[in-house]
Structure formats: C-alpha cells, structure tokens
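Written out below as structure tokens is the structure these notes cover.
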Amino acid sequence: REYLDNITAIGPRTVGSPENEVLTVNYLLEQIRAIERESTDAHKLSVDIQRPTGSFSIDFLGGFTSYYANITNVVVKLEPRNGAEHAVLSNCHFDSVPNTPGASDDAVSCAVMLEILSTLSKSPEPLKHAVIFLFNGAEENILQASHGFITQHEWAKSIRAFINLEAAGVGGKELVFQTGPENPWLVQAYVVAAKHPFASVVAQEIFQSGIIPADTDFRIYRDFGNVPGIDLAFIENGYIYHTEYDTSDRILTDSIQRAGDNILAVLKYLATSDKLAKSFEYRHGNVVFFDVLGLFVLAYPARVGTIMNYITAAIAFLYLSKKVFQPKTRAVHNLKKFFTAFGLTLLSWVCTLVTVLIVAAFISVIGQSLSWYTHFYVSVFLYGTAAAAKLILVHTLAKKFFYKNMNEQYLGDIFFDASLMIWSTALAVITQMGLCSAFICMLWVAFPLLAKLMTHKEFSQKGATIKFVMMYMLGMFVPYLYMMYLSWTVFEMFTPIMGRSGSEILPDVVLAGFIVVITMILSSYFINFIYLVKSTKTTLITLTTVFVVTLILVCSGIFFPYSSDATNPKPKRVFLQHTNRRFHDLDGNVVKSDSGIWINGFDYNGISHITPHVPEINDTIRTPCEEQAPFCGLPWILPVHFMFRLVKNWYLPAPEIFPRSPLHFKVLSKELMPWNNVRLSFEISGPSHMSLYVRPHEGSALSTWSLGDGMPVASVGGDYFVFYSHGLQAIPWHFWVELTAPEKHSDGIVSLAIAAHYFFGEDQKSPQLYALLERFPNWTFSSGWSCTYDLFVF
C-alpha cells in the first residue's frame, strides 16, 4: 500500500517527463536497495537500468510503426547464490497516460512486485530458477519498453515464461485473460498455485479476437521474444481507467492483498518447477480453463475437451433421433413437427434480435445513446424486457394460431427437443472451429439432457407436476449459474468500454445485441413452458409495461449518461489538442496555416452534452478534412482515425501557440537510387512524443525505410503512421524513406507530416486551453495538451 501511495504521489508519469524518468526511477531504486539490504544469504540480487533505443511494427490499431529512443527499464534479478540458467519474468509498468495518476494502470502492479521481491528475498530457502522483475517505463507508448527489454537485454535470453500484470479497470479481482500461446503447463501452474483464482478461456478468446481496442506487453513477449506467459488484469470499474480518478485510494487493500497472494504463489511455483527448465518439451496443446465462482479452476487439455464435446453431441443426436424415429410409422409426421418447432425457435430469436436492435438504433438516432452508462439497470429494463416480451409473444401466437388444440405436453416436449438440437448443433460447430469456449455449449447440452432423462416419467403423466418442475430446475441449475456468472463478467468488462470505443460504433446496438444473446441463451430451455402454461397474458402485459415506461423515460432524457459522483464517477472522456498547423508546398512555402483547439469526444455522443456548458463548441465548428494530407491533416497521437468520424470532432479557432522547445525538421539528403528509387533522409528533434505521417502520391510507392524491420506497414486507409518517443536526453532522430517514383511527378512524390505533442511541462497547456478546460462540466474527464503540425511535400 505504501509503495502504491508513494508512486502515485509523484503525479502523472508520461514517458520523457522528469516524473517518469527520474523521480519514479529513483524511488524504485531506493526501495530495491532497501530490499537488498534485508535479503538473506540464500539469494543474489542484481539491479540494472536499461535505456534502449529501437523500432518495430505492430498490427494493433490498424497497423503502425513505433520508434523509441533512450526510454527506461528498471530490471532486478533474484537468483540462487550460485546463479541460475533459466528464469521466469514478472512484468509491470510504472509510466502512465498523460494527465492521470495511473494507480491501477499500473502502479499497483509495480507495488505488488516490490512486495513480492521483498518476500522472496527474505526467504531462507533458495529458489531453483531466477526471477526477473521488470519495472518497465514505457508501456503506455504502445509497448515500447517491453520490446526494448526482450530484444536487447542480456538477461532476456534466459527467460522461459512470464507473468504480465495489467489493468483494464480499477481494483477488484485480477482476471487471467490470456495464456500461452499453447504451453498448457502454465495454466496448470496457475490452477495449482493461485489462492484466489479468477480465469476464463472465454475472456482469452474474446480478447484475442481483437474486438477490444487494447493490447498488452504479453503480445511483445509472445511475438518478439517467443516466450509463453500469463496475462492478468484488474477489470472492475473500467469507467475510470485512464482518467484522473485512477487514484490509489480507490483500490481496496483486499484487492492488492489478493493479487499479491496469487502472483507470489504462481511465481514461487514457477521458480521452483522442473518444467520451467524444459518448457519447450511441454509446449504443445491448448487448455480449456474456467473458474467456478472464484472458488477453484477447472482445466483440462483442449483435445480432451474436443472428445468430451463430440461424445456429448453424439449422445444428444442419438436421443433426438430415437425420439423422432419411434414408432417408425410416425417418423415423417414426427420429423415435420420437430423441424417446425426447430424453425419456430430460430424464427423467434431472429424476430427478437431485429426488434430490439431497431429499438437500439432508434435510441441512438434520437440522441439518447448511453442512457444506461451510469444506470446499468436501464439497459435491462429497456432491452431485456423487450427481448423477453418478443420471445414470449412469438411463441404465444404460434401456440394460439398455429398449434390450435394440440396436446400441451406434446408441444412442451417437442420444443425442449428443438432447443436441445440447437445447442447440440452449436456444440458440434464451435468444437469443429477449434474454440475452447465450446465447453459452455457442452454444459447446455449435458445438464438439460440429464434433467430430461430423469424427469421423463413425470413428463409422460398428465399435468406438469411440482416434482417435475423441481427436478427440471435442478438440472438447469449448473448451466444457469455459470451463464449468469459469465454474463456478469462480460458486462463488467464491456459496459465501460462503450464509453471509450470511438464515435463509429453504436454502443446501444452493441449492448442490446449482448442482452438479446444472453436472453436467448437463458430462455432456450424455458420456451417449452410457454406451451405448458395456461396463459402468458400477465407476463406479457408486465414486460411490455416496463419496456414502454422505460422507453418513454429514456426518450425524455431523464437518464443522464455520465456521473461526477465522488465515490463512483462515470465521466465522459474528451481530448483537446491546442494545435498550430502549417501546410507547405513543393518549394517549401507555407500555403496554409491555422491554429485552434481540436476536440474529440471519445464516445458516440460526441459533444452534444457539452454544448450547453460551452456554447462555442457546437456543430458549426466541425473539423474539415484536408484531403491532400495524410490522416486528413490532423495531429493524431495514435492511428485511431478509423474509430472517429470527422463529423464527430470539432476545431475551435484559437490563437497561435509558441512552444519554448519547438520542433526542428531538417532534410539531410535526397539521393537517386537504382531502379528509379528516391531516398530522402531526415533529422528531427523535438519533444518526447512525435507522430510522423507519410502518404506516397499517386503512382509512387513507399518501398522501404530505416524503421521497424525495413518493411513499411500501412495503416487503415493506406497512409503510414510512425509513433516516436524518447526518454531523457535523446539525440536527434535520423531516418530515411525510399520511394519508387513515376516518370512524371510535377506535384511531388510524397507528402510527409510531423506532429509534436507536448504532454508535460510548461509547453503542455496554453492559457486558452486552461481557460477552456476550466469551463468543462465536472462529469467530464478532459485531457488536454498542445501540439504543432507541419506538412511538407517532396
């Protein structure tokens, strides 16, 4: 706790700032020396400060290239007295995003690591392998420091596995959300060692599908170091992740203790394990793993899962075919009835999805998006009731008009079979696709089928007895309980992400879709009850009333999306850049220049809620796109342009800024190369963060450059993006680009722009920016900085 409070007390720790490069590093070194003084003779402790320079390309956020110079890593190695050949790595990062204290992301992990280092070093028992603690100083710059360590540090070669400690929220339980690749022994280590497990292969498959706009150092160790590992993150309260509210007082001591217990146990287990040394022998195979209500983890090899899944599906198909084809004389009749029920169930799902998505789209169009962001129950009352009502309505109509005067038991039975058929098919298909998450379908086939076989006698008697209902519920208990638990985790992760997923995605449609899918899953074996009960009128009226009332309230705007509540804030994220822009022509003359405050709202609502408070930010100052310039001539800090429509950002005219340490841009040489290629060499010096944007003109192409691995990686839209950052005292940045030039190029062959971002110090905020930020309502988190943008044509 003390470590955490002291690190966050330093303030925002942006790469290149004295807070990050000097104050935090000095504090870490002081603590490590104090730990070393108290360590026992069983261990040897070595400390190294690494300041790497390097470059790499990554396909994250649509693809870009990263270049870093002189950033900082603090590395500690704890090993047995006579050394160790193999090591396990524990990784945290002490830098933070600008304007935030970064307590959970990721100071708390560094505090936990210091505590673990202290505990292990005081232990009288020597470890078998070394434990390397990496306190990395540039993760928020899109994983630069971990790349510098794993590709350049001499200790990196000995690492056989790693644990990465991250955050996507503030406090709570830390979730294991990716492992591997392959290396099932690592999951096994977590299963055996972790005291308070919280892990899910479902989270892993969601994260690795790329639908969450985030990435961690896990990717760097996996792709550039070829090392397997475990990725953990705090996921609770993602509403204040990367905001000024990410303070140490919001992280409960229990949460820190829990993480410490888990990680210490797993690290200790790995550092004394025989498998670490021969990890390559155990590397094959994936694992199905999930915790049961946080009590313990079930884990088994994916190939065992595949066999179990196919056997379960086969038994279900056998049961179904036996039902349909007996007696043989009625086989055709039964088949007809069975597939009608099957089709009706699917039809009811499609109708429900379409209806609820239309409601969600309507809510978005009328400007009441995210009304559930602060009051989550609104989404359940709005979309949950609509989904349930629609499902019940379709089946009630079918029962009334399509199945007139049919035996209720027979209908109940056949709709149960239809649901079983759907789940069995899903189980077979998802298993075939190789997804480990298929175990969920397995639960939804095995348990209901067992319940059905046990209640078969009761089913055949007249009237659905209490005994039957009890037995039936008991059979559904396991899949239901697990599904509710899983849904809670998914909503806890995804709801806050909707507040930072850009202006392109309709958050209401995404959330409504989630709610419909969960409603369909949870209702799948209760559809048959619609046919067994006398009437669904009361249920339908109740659900419809709740839906209509909620809809009216939402449309009236009574549920304000954001909250400035001191104990539980849910702020709106807004980014403001006070920008000078200069556009040069082929001869180097400035053909256009302007200055203004460029404003980006980070969610679908844009700035509609802010205009009443700051009237000059309105729809008359929408940002125009400079078509001839890469990335529309705007100073993006990251290539996230595809997440934002230009109609959803604003450019408020403001006086020019004069940074005290301006950017210096020099063309060093222009050379004609073989095959009609042209090589342009540049030198740039400026602040710690700069963005380079490159657009080859029509007919020319960027063939190679001195960045990354030499192969240029284009971003979404075809322009090239380079993210540059440096620590303290970096030498000017030298690089070259090589282009193939067409025969005629009267308007040049390439446009190249450079933006300089001032994230800290006296250049960070102009008086105008300060004044504007002061006027923003208290339910916003507004992050502001100054930047300059220069476009050149060559």
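All residue numbers here begin at 1 and follow the chain in the order shown.
Glycine is treated like the rest: Cβ placed from N, Cα and C.
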For TrEMBL, the entry transmembrane segment belongs, out of 540-562, 632-654, to 540-562
Using TrEMBL as the reference, determine which range in 372-398, 426-452 is annotated transmembrane segment.
372-398
Can you say which of 292-320, 341-366, 511-533, 540-562 has the most Cβ pairs under 8 Å with the transmembrane segment (372-398)?
540-562
Could you name the stretch, out of 341-366, 466-491, 511-533, 540-562, with the greatest number of CB pairs under 8 A to the transmembrane segment (292-320)?
466-491
Would you kindly check 466-491, 511-533, 540-562 and say which stretch has the most C-beta pairs under 8 angstroms to the transmembrane segment (341-366)?
511-533
